[in-house]
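Features reported for this protein in TrEMBL:
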| type | residues | note |
| --- | --- | --- |
| BINDING | Asp52, Asp54, Ser56, Phe58, Glu63 | Ca(2+) 1 binding site |
| BINDING | Asp91, Asp93, Asp95, Lys97 | Ca(2+) 2 binding site |
| DOMAIN | 39-74 | domain 'EF-hand' |
Amino acid sequence: MSLTDILSPSDIAAALRDCQAPDSFSPKKFFQISGMSKKSSSQIKEIFRILDNDQSGFIEEDELKYFLQRFECGARVLTASETKTFLAAADHDGDGKIGAEGIDCFKYR
């Protein structure tokens, strides 16, 4: 399964266009534009599984900086500031990584 089986390619493209400039990425806005905020918890967990590059059950900081590239190969890397902000918003237990429930929180913001 791929992200485009769950999300519209045009919505993904729009979300990526919105955050092309460094330090312009907002997780909440990206989730809204891409359509992720409208998906069910089970769909969000499937998206999370796809985004979890090493299949560890978590998205760690070093994976998170490549978040946009999981949607499109040529997308930019998140800046250190964007990565830290994203991690802080979704890392509920402070262990330095995001579990599927952390990603799901953006659906409700």
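Quick reminder: no glycine exception, Cβ is built from N, Cα and C everywhere.
Everything TrEMBL records as a feature, shown here on the structure.
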{"residue": "Asp52", "record": "Ca(2+) 1 binding site", "contacts (Cβ under 8 Å, 6+ apart)": "Phe58, Ile59, Glu63"}
{"residue": "Asp54", "record": "Ca(2+) 1 binding site", "contacts (Cβ under 8 Å, 6+ apart)": "Glu63"}
{"residue": "Ser56", "record": "Ca(2+) 1 binding site", "contacts (Cβ under 8 Å, 6+ apart)": "none"}
{"residue": "Asp91", "record": "Ca(2+) 2 binding site", "contacts (Cβ under 8 Å, 6+ apart)": "Lys97, Ile98, Gly102"}
{"residue": "Asp93", "record": "Ca(2+) 2 binding site", "contacts (Cβ under 8 Å, 6+ apart)": "none"}
{"residue": "Asp95", "record": "Ca(2+) 2 binding site", "contacts (Cβ under 8 Å, 6+ apart)": "none"}
Remaining residues near the recorded Ca(2+) 2 site, that is with C-beta within 8 Å of the centroid of the site residues Asp91, Asp93, Asp95, Lys97: Phe58, His92, Gly94, Gly96, Ile98, Gly99, Gly102
Non-site residues, in chain order, whose CB comes within 8 A of the mean position of the CB atoms of Asp52, Asp54, Ser56, Phe58, Glu63 at Ca(2+) 1: Asn53, Gln55, Gly57, Ile59, Glu60, Lys97
Local confidence of the prediction over the domain 'EF-hand' (39-74), expressed as mean pLDDT: 91
Residue, out of the binding-site residues Phe58, Lys97, whose Cβ gathers the largest set of other Cβ atoms within 10 Å: Lys97
